[in-house]
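This report refers to the structure that appears directly beneath it.
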């Protein structure tokens, strides 16, 4: 492919690698340096024309490679130039290959879904006038070495029949793993894939599992004092070895003193009969003369006529 500007001066090396920034490569010493804006515009023009030629060769309705797509994605394009062809001393472009890493869900030979992020062949084109001259193999092999991958580790996006024959001829890639998307992978793809594994927390032993939450367990360490008169019972009975579990709703109750031992019902009634009256009860009896036993006896000994006066 020929262009109105000097391709040989724009791309000093036979194969030029460009990322999403589309920055011009380093120039040879002693050559003039045009304006950087002009260089980038020339690179964008080359990529757009290569994308149109590739879409036409694959019978696509629209190009899948363009300068705008390159700038909005983290893809890499390898451009191969013809150093020997010098029409009007400006050089020519032979073809290109575009690659990029993509997160995919692919099926293995057991039809299980796998989340992987392989290097994908997104577009590949060699000009029709120079096909079957080894240029495609040269460009593809340079990409493999630069990306440090093996052919069977690649995922190819909607490969044409020409590309499938190319891979079979030069890299013995023939048996494919059926997929439900547009990507094609070959046998041996999963041999070197290491999908990220989710680390789960270690499972605790059965003996460490408690029926309560941490807040409940903290609450159970603090006993609750029962109301009077249960808290005044003598300490005779021993607490049970395993107290019944408390509801978690008591976790916000105020803390009190140590828990008094549980007293059986018969012993509690016996203690209540034997314990002396409360001081408050004594004051009430002293303040009420009619409540004393002597007053009740004096009142009952009076004649009925005398009682009526009271």
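The backbone N, Cα and C atoms fix where each Cβ goes, and this holds for glycine too.
TrEMBL labels come from automatic prediction, so no person has curated them.
Taken from TrEMBL, the feature domain 'N-acetyltransferase' covers 1-190.
Annotation source TrEMBL lists N6-acetyllysine at 56 (among others). There are 12 other Cβ atoms within 10 Å of the Cβ belonging to residue 56 (N6-acetyllysine).
Under the heading site 'Crucial for catalytic activity', TrEMBL lists 58.
Residue 124 (acetyl-CoA binding site): 25 other CB atoms within 10 A of its CB, across all protein chains. As annotated by TrEMBL, acetyl-CoA binding site applies to 124-137, 160-169.
Taken from TrEMBL, the feature N6-acetyllysine applies to 146 (among others). If you draw a 10 Å sphere around the CB of residue 146 (N6-acetyllysine), it holds 13 other CB atoms from the protein chains shown.
Residues or ranges marked as region 'Disordered' in TrEMBL: 229-261 (among others).
Per TrEMBL, the feature region 'Disordered' maps to 282-310 (among others).
Cβ neighbours within 10 Å of residue 130 (acetyl-CoA binding site), excluding its own Cβ and spanning all shown chains: 17.
Neighbour counts of Cβ atoms within 10 Å were taken for the binding-site residues 164, 167; the minimum is at 164. Spacing of residue 133 (acetyl-CoA binding site) relative to residue 56 (N6-acetyllysine) is 21 Å (Cα to Cα, whole number).
Comparing residue 124 (acetyl-CoA binding site) with residue 56 (N6-acetyllysine), their Cα atoms are 12 Å apart once rounded. Cα spacing between residue 130 (acetyl-CoA binding site) and residue 56 (N6-acetyllysine): 16 Å, rounded to the nearest whole number. The two recorded residues, residue 161 (acetyl-CoA binding site) and residue 56 (N6-acetyllysine), have Cα atoms 15 Å apart.
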